[in-house]
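To start, the structure itself, in structure tokens.
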Amino acid sequence: MRVDGREKTELRHIHIHTNYLKHPEGSVLIEVGDTKVICSATIEERVPPFMRGEGKGWVTAEYAMIPRATEQRTIRESSKGKVTGRTMEIQRLIGRALRAVVDLEALGERTVWIDCDVIQADGGTRTASITGAYVAMVLAFEKLLQAEKVSKIPVKDYLAATSVGIVEEQGVVLDLNYAEDSKADVDMNVIMTGKGQFVEVQGTGEEATFSRAQLNELLDAAEQGIFQLIDMQKEALGDIVSHIE
């Protein structure tokens with residue numbers, strides 16, 4: 001039994017609140033256990049200079065944490081005048097993952113800005129951001145469809161992410177909270193599509209190694225969790241799902 005009473009391959013309690021903010025074209029508050037992230041999607045009727053004239057759109061992301069998202073207050077990165085390497089890595093990961101399932105040609109010459117703001121952190125903030133951002137993005141695309149600016153919702157598949165790891169005597173566990181993540185021998189983030197295709201796998205041993213058999217076990221656990229997350233995304237999107245499938 002894990003520190004929070006879950007089974008080894010059990011997700012934390014997940015809730016996706018849609019249309020959480022008034023102004024963005026799409027927004028959600030995603031809760032993954034005690035991790036809470038607000039994800040918003042903004043549609044801009046232009047593309048970056050390097051994309052002009054190509055007839056395709058672009059998806060990019062920004063990621064941040066409020067100062068007391070963590071147990072100890074952290075200084076806002078805007079106060080420092082630059083983002084950290086960790087933040088840059090995460091926002092590139094979010095944008096890259098979403099672009100893998102967006103039909104950029106069907107989107108047209110538009111930019112989708114994804115903003116992920118962590119308001120409470122208890123492990124898995126980047127994977128929660130990706131899972132929530134996908135829903136926010138599809139909600140924004142539905143607005144484009146309703147306005148007849150696109151002929152279909154420009155996504156090719158679903159997308160979700162979770163963490164897996166090897167924690168001391170527990171072995172392989174799914175969806176690590178902070179207490180588990182901080183003592184994990186192996187930590188891995190996995191992003192997959194609804195068709196079971198991998199978008200990204202990030203895995204490292206923390207002063208430890210892992211075998212090929214353990215890698216397979218980690219990926220199996222992640223796949224199971226991601227398919228559950230995609231079912232929750234579909235539930236959150238409601239009737240919009242009919243425009244995707």
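Keep in mind that glycine also has a Cβ here, set from the backbone N, Cα and C atoms.
Proximity of Arg86 (phosphate binding site) to non-local residues of its own chain (separation of 6 or more, Cβ distance below 8 Å) is seen for none. Look at Arg86 (phosphate binding site): DSSP puts it in a helix. Per Swiss-Prot, the feature phosphate binding site maps to Arg86, Gly124, Thr125, Arg126.
Sequence-distant contacts of Gly124 (phosphate binding site), defined as residues of its own chain at least six apart whose C-beta falls under 8 angstroms from its C-beta, comprise Val32, Gly33, Thr35, Thr162, Ser163, Asp175, Leu176, Asn177, Asp181.
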